[in-house]
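According to TrEMBL:
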- A:186, A:230, A:382, A:386: L-aspartate binding site (BINDING)
- A:379, A:427, A:428, A:429, A:430: ATP binding site (BINDING)
- A:153-456: domain 'Aminoacyl-transfer RNA synthetases class-II family profile' (DOMAIN)
- A:208-211: region 'Aspartate' (REGION)
């Protein structure tokens with residue numbers, strides 16, 4: 001059935017969330033069919049769009065009055081039959097009469113259907129709300145129709161825009177660094193490689209190399225939000241082979257403390273925007289009362305954090321100086337109980353467990369000027385002041401068993417002058433996962449990529 | 001020589017552009033040495049940062065007064081020698097006294113050096129302002145230090161932020177679509193492939209497939225700014241193997257006219273911000289008076305455009321219905337002369353020269369509901385209404401010789417309901433190139449990637 005409406009511009013459909021503010025009268029809505037209650041005398045359709053759900057109602061006309069010649073009777077019968085045939089997921093466009101009515105549970109309003117156009121029919125949906133995660137991922141484009149999933153990506157939009165607005169207002173320059181590289185910049189492990197005309201290219205594991213190059217180029221302060229790739233064979237809830245990395249790098253810092261201060265200001269900007277715009281929805285759909293974190297975030301040197309965790313009964317079972325996920329959970333819990341804070345910077349990681357380009361303390365080169373940011377028990381970011389003195393950088397690389405020859409192009413730009421600098425990289429999906437209490441970054445990634453998942 | 005300053009937070013250095021507004025007195029600046037004029041009695045250093053250049057001055061002390069024991073004499077001699085040894089590109093941090101002085105050509109002010117810390121020395125710069133493009137690209141991190149290059153990326157930042165702000169204010173959702181795909185979505189030509197654990201993955205040539213999937217997912221209106229990859233062996237001024245694609249896709253449109261209207265509103269938002277923030281600098285450094293384009297942009301059906309160009313003496317030498325770059329230049333010139341406009345939408349491309357997923361006109365299926373946007377003579381974008389009816393889509397694919405089996409996953413989500421939709425993809429570097437009258441996208445890409453260029 002064709003709609004009687006001719007040209008519908010982008011902005012003419014009324015978003016469902018905007019119906020409540022309209023007076024009773026004609027409206028045009030569009031979306032997909034969530035459910036149909038096809039009663040003898042009356043039909044109800046729950047229509048959903050990206051902003052909400054609304055009840056549509058139609059008085060059923062089941063047969064033509066054999067004697068009647070009432071105007072529109074055939075159309076009414078056809079409409080009834082069309083509604084009876086609607087399957088979940090069918091996209092429809094509806095002209096109707098909005099009526100506010102307190103008795104309607106769903107938002108206190110309904111739309112009496114005048115005309116309904118079936119835009120595309122739909123096969124039966126192969127997943128349910130309680131389907132397993134992997135099955136939902138198989139049908140991610142349907143899974144994303146759920147209001148909770150939709151909200152995640154509206155939150156993502158708000159969060160990223162708040163970060164970018166902070167950066168732009170503070171005169172950071174946005175860069176798009178290449179994802180195709182001639183050589184691995186950090187390590188040959190977990191690296192995707194591809195045939196590139198007559199040579200081989202590698203997919204960037206992070207924009208680290210190119211962010212630092214921008215410091216040599218005199219860009220001063222930069223940011224990027226883009227994909228990063230790791231041929232990581234693990235199947236944990238927090239690893240992916242492709243993920244969105246939030247990156248920033250700043251010249252003329254004095255210590256990693258400067259980076260942490262920038263980092264917490266960015267988090268406050270992001271959380272403030274999310275709480276303002278989506279706080280009520282998050283409470284409703286996720287049962288979480290989001291709050292804006294206070295600054296400064298607690299800072300604990302890693303060695304001290306390990307000691308605190310040990311004093312509370314968990315000795316991190318590692319031979320090296322590093323933390324482990326259980327240790328991160330426990331120190332996070334300690335910080336929450338002691339300081340009432342969801343975030344904690346673990347600082348001053350041992351040089352042996354950090355990349356060679358992290359700057360070391362002048363008075364104790366066994367420690368780096370670096371940190372991890374832990375949020376609700378899980379690491380979401382690594383930051384550091386970088387070593388900008390090429391001779392020190394070479395010495396640090398060699399001391400860690402790296403061959404400076406292999407790092408050739410990485411070291412090149414340092415020879416032409418680089419100011420002191422530092423920055424961080426942060427996984428977007430992890431932030432969202434921990435913000436919303438989700439169990440996996442699969443839930444907070446638009447289309448997850450893992451060792452056995454390249455589809456859809 | 002160590003600075004006497006201890007801890008310098010991110011925000012404490014004064015950006016050079018901000019000096020003019022400060023009163024005479026102590027300041028701290030940091031940047032790289034542009035030039036040194038080492039005169040007998042006085043030394044001048046032009047210091048540059050990402051915001052401008054400033055003259056530093058130092059009264060030279062060439063030798064210690066053999067009888068003198070004046071306080072600080074040794075330090076003054078050391079400072080003079082340190083300045084004499086500065087090479088271009090050396091990064092320094094300077095404490096000094098700002099003095100406004102109309103006689104100073106460079107901005108009417110100078111900074112008398114109190115203390116100068118050499119942060120990193122620099123090898124001699126291997127390129128000059130007049131070096132060839134390819135050589136400049138070899139040393140891109142140095143090339144980018146030029147004020148023109150720096151401005152390009154500040155303009156990029158402003159342009160993208162204005163687009164994103166428009167999108168966010170109009171409730172678009174930002175998505176990060178995967179760049180790793182299980183199968184080629186559009187064509188097997190110009191495709192990078194890589195080993196992906198036990199299988200093969202492909203790099204996305206555009207987010208087309210995933211943008212459309214978001215429509216099926218009920219996201220309504222989405223945008224993305226991200227990398228796209230094409231194994232394109234050509235060496236033109238407007239092709240790259242990796243480029244930043246600006247993408248948007250909208251549900252519930254009626255025709256490609258809706259997409260064009262969105263497109264021109266976005267361009268107006270972007271240009272308004274750039275003109276406001278950088279108009280004066282663009283005039284100064286590029287000699288271009290940027291203006292905000294008026295809406296509506298002219299629209300010309302492609303067939304008519306070819307006729308106009310032919311009437312003006314250029315018959316496009318192609319056997320098919322398509323335009324060519326020379327034809328685009330000429331129609332653009334015609335539009336500029338006739339309508340005074342830098343932009344023109346060429347519309348209604350023949351079905352034979354468009355992808356199978358472009359929607360065709362109901363009343364003339366030989367034409368698509370599509371367009372190219374031409375800006376200052378060159379195509380920057382392709383947009384269209386997409387075919388959302390799966391049976392029509394399959395028929396169109398088959399009519400173009402494609403095997404629907406090969407398109408398997410592309411067609412899958414259409415079976416579960418998709419609203420009418422359309423959108424466009426636009427090359428960021430092309431927009432900037434044409435905005436600034438540059439000869440190649442190499443100039444407007446942070447680090448260009450081409451068939452023979454993977455470095456730096």
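For all residues, glycine too, the Cβ spot is worked out from N, Cα and C.
Curation plays no part in TrEMBL annotations; they are all automatic predictions.
Distribution of TrEMBL features across the structure.
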residue : record                   : CB count, 10 Å
A:230   : L-aspartate binding site : 19
A:379   : ATP binding site         : 19
A:382   : L-aspartate binding site : 19
A:386   : L-aspartate binding site : 25
A:427   : ATP binding site         : 24
A:428   : ATP binding site         : 21
A:429   : ATP binding site         : 25
A:430   : ATP binding site         : 24
In the region 'Aspartate' (A:208-211), how many residues does DSSP put in helix, strand and coil? 4 helix, 0 strand, 0 coil
Do me a favour and check the Cα-Cα span between residue A:428 (ATP binding site) and residue A:386 (L-aspartate binding site); whole Å is fine. 22
Of the binding-site residues A:230, A:382, A:386, which sits closest to residue A:430 (ATP binding site) by Cα distance? A:382
Report the largest Cα to Cα distance, in Å and rounded to a whole number, among the residues A:379, A:427, A:428, A:429, A:430 that the record lists as binding ATP. 12
Look up residue A:230 (L-aspartate binding site) in the DSSP assignment and report helix, strand or coil. coil
Show, in sequence order, which residues other than A:379, A:427, A:428, A:429, A:430 on the same chain lie with their Cβ within 8 Å of the centre of the Cβ atoms of the ATP site. A:238, A:243, A:380, A:381, A:426, A:431, A:432, A:433, A:441
Of the binding-site residues A:230, A:382, A:386, which one has its Cα closest to the Cα of residue A:427 (ATP binding site)? A:382
Give me the mean pLDDT over the region 'Aspartate' (A:208-211), rounded to a whole number. 95
At the level of the C-alpha atoms, what whole-angstrom distance separates residue A:386 (L-aspartate binding site) and residue A:429 (ATP binding site)? 25
Cα-Cα separation of residue A:382 (L-aspartate binding site) and residue A:429 (ATP binding site), in Å? 15
Between the Cα atoms of residue A:230 (L-aspartate binding site) and residue A:379 (ATP binding site), find the distance and write it as a whole number of Å. 17
